[in-house]
Each structure stands twice: as structure tokens, then as C-alpha cells.
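Structure first, then comments.
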Amino acid sequence: MNKRILLMAGGTGGHIFPALAVGHALEQEGWSLHWLGSVGGMEQELIPQHGIPMTLLPVKGIRNKGLVSLIKAPFQLLNSIFLARKAIKKFKPDVVLGMGGFASGPGGIAAKLCGVPLVIHEQNAVAGMTNNQLNRFSRWTLQAYPGAFQESNKVKTVGNPVRQDIGSDKDPALRIESDEKSVHILVIGGSRGAAVFNEELPETFSRVNSGLKVQVRHQCGKGNYDAVLERYQQHGTSKVTVEVSEFITDMARAYEWADLVVCRAGALTVAEIAMAGCVAIFVPYPHAVDDHQTYNARYLADQGAALIIQQHDLSKERLAQEITALANDKEHLIDMARKAQALARPEATQKVAEYCKKAAEEKAAKTAREQV
């Protein structure tokens, strides 16, 4: 009989895509998948495209949402736990994997109530509130970065799962030196885009003072295409060519093209940057809980593999200067890219899958002993 796993992830691509990577790895080994998400999250549209059955919970975040949301929250949580428990009893998973998002809280509690082993994974350098609570009764607690959780026998550092098509063992120099006349700059603001990039970067690139031609691919987020393209047209110069898109579907090809990436520092983005062997200028999202994006970015920046500019320090002049310096010194760019590649964790997806299998095997062995 095939093994079964319930995947809990949602809200943003930073939770969903790592869970998909693990799910697909297990699916290739014959496992059956079921997804637990939340109503209104990105997963509601994305997961059906992968042919994975899904249950949606009516759970929402309550941080900074006001008094009405606080009053409703306990009832939504209880209802979501009930629905998650119902889904678990119907699907009968051998293990439950929580990768973040609103559904992970009630789903993790339901797994505990149903006696199904729970594995959680924290993508960020600072553990979120939900995972800190689920850590109390998880079988395995996996972290991308050391120190997200207090050390214990069940806490393991595994890195962040990324899609199989991203990254290779090729020397980044082959990519960076392939176009001697241009510097390729990729702008990604996360799955929803970043307003500060959309507003500031079109003029910033016109100020880059390099002998090289500047080629830009700018991912602007849904609904922002016309406004961003208009800004580039307003500040356009003959030295800058630009391609604007709301969403980049093939990130592997985008990273293969890029010499330099200007981006936020979500956990998935940082992991992909390392896997792809790219150089990044990180502008951490200033309102991230516990400033976790800054801590994510430091994983690369502290090793000389990336730069960090806090949003309150971001100016067109500062960013243009940093880009100019890197564009005019491709040897330094190559050195940084190699350092980033050396910090990648290509085994992360398989490691998470292995701990899920281990938890399921332990549960099966315990059940067999009880039946003797």
C-alpha cells in the first residue's frame, strides 16, 4: 500500500514551493499527496495546477488585523482544527509535514489529536510563532539555518528545499563572462512584487555609470505591469534595455541569465540565489516579523556572497553606486557568485523527505508492535 503524506503550506510562494519540492520528491517514490491550505491563499490557485487534492481551511492571520479579527480568531481556529481533523481521518496520512502558512497551526494540532506524526520545517533564520508552538509536539523539527530553534535531538539543520530545475554545479564564471558587453540584472520582489522596487528602480538603472550595457528583467507583481513599464519609459536611456513581467514562471532560466539579482530576502529567494550561484543585493522587507529577512540575508552576506541594503538606507544614488561597482568589476562579481554557490544546500529537499519517511516508518513500527 502506498504511503501518504499531508502537506501543509500556503500564503506565499516561500512556503508553497519548498513544500511542492518535497511533495514531488516523495511522489516519485510512490507516495500519495494531499494538501492543506487556507481560503484565499496563493495555494488555492496554484496547487490544483499540480493535480494535488486539497482541503482549504477558513483560517486567517490575526497580527495587526484589529479587534474584530481578534474576536473571530478563536472560533476560526476551532473550526479549522475540526476541518483539518476531518481531512486527516479521511485521507489517513502516514505523516504530516508543516511548511508554514496559516493552515499549519490548526493542521498541526489536528495531527497531534489524530496521533499522526508531525514534521515541521522552518524556512527562515528566525522561527515563526506557529512553528515555535508546533515544535512542542513535532516528531522532527527541521530548520534551514542553525539557531532558529533551541538545540535538541529532534532539531536538525537541513537547508531550504528548492525546485529541482534551479541551480547546477557549473562555475558561475561561465555565465557571468558569457556576455562581455552587458551586465544582466534580475529584479524580483517575491511572488507579489515589491512596491519600492517598482517605484525606485526604473530611475536607478538610468544612473548606473558603467561602460557596459545594462539589461534588466523586472518582475513587478500582479497588476503593476503598466505602471512599471511607464516608469522605465520615462527614465529610459540607450544604455538600458528592460523586460517587465508580472510573474516569472521559469525562475531557473531567469537565474541562469542573471549576473546580479536585486531582491527581497525571503527564505526561498535566499536559497535559490545560493543554488543558482548568483550575486544578490538584498533589500529585506522592513515589516517582516522579527526582521527575519535581514537574518536570512546575512547567511550569504556574512560570507561575502551578497550585499544588504536596508530599505530605510535605500536611495537611487546608493543602489546605482553599488550596481556600478559590481558591473565594473566582474572578477569580484564572479568571486561573490562562487561563494554563494558554495553555501547552497542541494540536498535539502531529500533531507526533508527522509525525515518524513523516518517519522512514518517509526509510526508503522510502533503500530505493528502494539498489534502483536
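Heads up, the Cβ atoms here are built off N, Cα and C, so glycines get one too.
If you look up TrEMBL, you'll see 5-137 marked as domain 'Glycosyltransferase family 28 N-terminal'. Taken from TrEMBL, the feature UDP-N-acetyl-alpha-D-glucosamine binding site covers Thr12, Gly13, Gly14, Asn124, Arg163, Ser191, Ile248, Ala267, Leu268, Thr269, Val270, Ala271, Glu272, Gln293. If you look up TrEMBL, you'll see 185-350 marked as domain 'Glycosyl transferase family 28 C-terminal'.
Feature map: annotations from TrEMBL on the structure.
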{"residue": "Thr12", "record": "UDP-N-acetyl-alpha-D-glucosamine binding site", "CB count, 10 Å": "19"}
{"residue": "Gly14", "record": "UDP-N-acetyl-alpha-D-glucosamine binding site", "CB count, 10 Å": "25"}
{"residue": "Arg163", "record": "UDP-N-acetyl-alpha-D-glucosamine binding site", "CB count, 10 Å": "17"}
{"residue": "Ile248", "record": "UDP-N-acetyl-alpha-D-glucosamine binding site", "CB count, 10 Å": "18"}
{"residue": "Leu268", "record": "UDP-N-acetyl-alpha-D-glucosamine binding site", "CB count, 10 Å": "26"}
{"residue": "Val270", "record": "UDP-N-acetyl-alpha-D-glucosamine binding site", "CB count, 10 Å": "32"}
{"residue": "Glu272", "record": "UDP-N-acetyl-alpha-D-glucosamine binding site", "CB count, 10 Å": "26"}
Glu272 (UDP-N-acetyl-alpha-D-glucosamine binding site) in three-state DSSP notation: helix
DSSP residue counts for the domain 'Glycosyltransferase family 28 N-terminal' (5-137), split into helix, strand and coil: 65 helix, 24 strand, 44 coil
Mean predicted confidence [pLDDT] for the domain 'Glycosyl transferase family 28 C-terminal' (185-350): 93
